[in-house]
Amino acid sequence: MFFQTIDILGTIAFAISGVLVAMNKRMDPFGVLIIAFVTAVGGGTLRDVMVGVEPVSWMRNMTYVYVIVASTIFAVVFRNQLKHLRRSLFLFDTIGIGLYTVIGIETGLVANLHPVICVFLGTMTACFGGVIRDILCNDIPVIFRKEIYATACILGGFTYFLLLHFLEGRNYLFIIAGLVVIIVRILAVRFKISLPSLYKNEDD
Amino acid sequence: MFFQTIDILGTIAFAISGVLVAMNKRMDPFGVLIIAFVTAVGGGTLRDVMVGVEPVSWMRNMTYVYVIVASTIFAVVFRNQLKHLRRSLFLFDTIGIGLYTVIGIETGLVANLHPVICVFLGTMTACFGGVIRDILCNDIPVIFRKEIYATACILGGFTYFLLLHFLEGRNYLFIIAGLVVIIVRILAVRFKISLPSLYKNEDD
Amino acid sequence: MFFQTIDILGTIAFAISGVLVAMNKRMDPFGVLIIAFVTAVGGGTLRDVMVGVEPVSWMRNMTYVYVIVASTIFAVVFRNQLKHLRRSLFLFDTIGIGLYTVIGIETGLVANLHPVICVFLGTMTACFGGVIRDILCNDIPVIFRKEIYATACILGGFTYFLLLHFLEGRNYLFIIAGLVVIIVRILAVRFKISLPSLYKNEDD
């Protein structure tokens, strides 16, 4: 129940972030809905397809569909008021990537994959919805350029495996790793920490 | 036999639409062929991969490969005469999306998925070849911005499920739902109906 | 052992080509690493997913992960010296596509697919990592426009099937088809051969 509520908050935040990008590209309602969907379920879809979990998860649980459609309608109707929700949306989004990271890791564990691959799957689950959103909107994916976002997921993922041998219950692992993602992300945004760009100096 | 002929007409229209876009981007013959392929089979490939039908359908039936290669050669050779075929191509394309929508729905039904997911799969089968085409050509997908295209597929898809409890034979369902897609699309183009863009007013 | 060494050389060359493109787009270290990964394993991932080999190959063999991470770090640290390695990188890359083409063909054979589909899978394995790299970097894929690259893979692929009935050992087939890819590519670059663009003349 607790995890499901978090999952839904994350889905809402992801869907609304898709709606905002799509509206700024002057898409029609169908395009806006598709971008909302892709942002919310794209990372998990890639993960499931690469691991071989098919039909992919969100197709077997209508909750996602209803939440995404409702979030899209809400975001379109109240599009001029959304700026007042900016802080809540950031919080939902951050909680969402924490949760998605751990879900992705556990999908990898179930398939008996190496811990590094599991961390990769967790990061992909959390981040690649946004990557596909940006590609469909013809932008260079924002997470490749500006933000501590994937880095937070990677750190949370390694925390999960560092603690795997010390902690008994999976629930604790789940919560601690998720919290690491969330705290790293919040600190990075608060103190404006970002990775430096690796621009190649052509003149040397 | 009847359905197969329609399937081939749709594939021809999709492949030629890919060739036209690729030539305008000054691609070389290999690029043109790939874009023709992707436009014709991309939607079905995504559907099969997400549902878990693998190897994907077109890889198990060489008809698609032959039709696409022949259409590409034809379109390249007669590239300056294609404008005289514009009406036929529009008709083939429209018939194609009607058929692809219903094929996608039935793939979902075979996998026991929820009707809404089936409508999604039908729409994806019909529309996402064009989406991948536009991404590979570095454009924002045209169906997200301008046309009643996906909307026609969605309406046809819901018609399928509305009638599911009233009609006996699947063949009738197939034909009626396909016709709804085709008629909505033709009416929308004829009367220049399109969805409004949801541009977000930043100034409010 | 011999094939594995070639495989690693190809992976190194592909990863470094990803790093170079990503750094020119001013991506941050995470973005650079992802682009290196995608360039190196993207083609094989698409192939595995479309054929149904899941979890995809590179997730079950940590060698790829280690090689890609090491290549990325190397390329970033020595980014201003890489131009001295241009010839070696071109050679690695060319050997890599020769090998990847044959690996893709054999994946198709194992799945009992038609020879034309196998050639397609080989070409996709060799070329589509670069295609995904260019899409993520918001460019029109370079292989659709300028280079004899995919064409070399296609020629090598057909050589494989032409010789299939005349040669006994698979190892010979493997090596000869790979060499055809490599030689065609080297000759094309040396003599600046490229396919003409099929620009559609709108004025006629």
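Each residue, glycine too, has its Cβ placed from N, Cα and C.
Residues or ranges marked as domain 'Glycine transporter' by TrEMBL: C:5-79, C:91-163. What TrEMBL records for C:6-23, C:30-46, C:58-78, C:90-107, C:113-136, C:148-166, C:172-191 is transmembrane segment.
Away from its own ends, the transmembrane segment (C:30-46) comes close to residues 11, 14-19, 21-23, 56-58, 64, 67-69, 71-72, 75-76, 100, 103-104, 124-133, 136-137 of its chain (Cβ-Cβ under 8 Å, at least six residues beyond either end). Per-stretch counts of Cβ pairs under 8 Å to the transmembrane segment (C:113-136) identify C:90-107 as the leading one among C:6-23, C:90-107, C:172-191. Residues in the domain 'Glycine transporter' (C:91-163) partition by DSSP class (helix H, G, I; strand E, B; coil) as 59 helix, 0 strand, 14 coil. Against the transmembrane segment (C:58-78), the recorded stretches C:6-23, C:90-107, C:172-191 differ in Cβ pairs under 8 Å, and the greatest number is found for C:6-23. Counting residues of the domain 'Glycine transporter' (C:5-79) by DSSP class, helix then strand then coil, yields 63 helix, 0 strand, 12 coil. Mean pLDDT across the domain 'Glycine transporter' (C:91-163) comes to 89 in this model.
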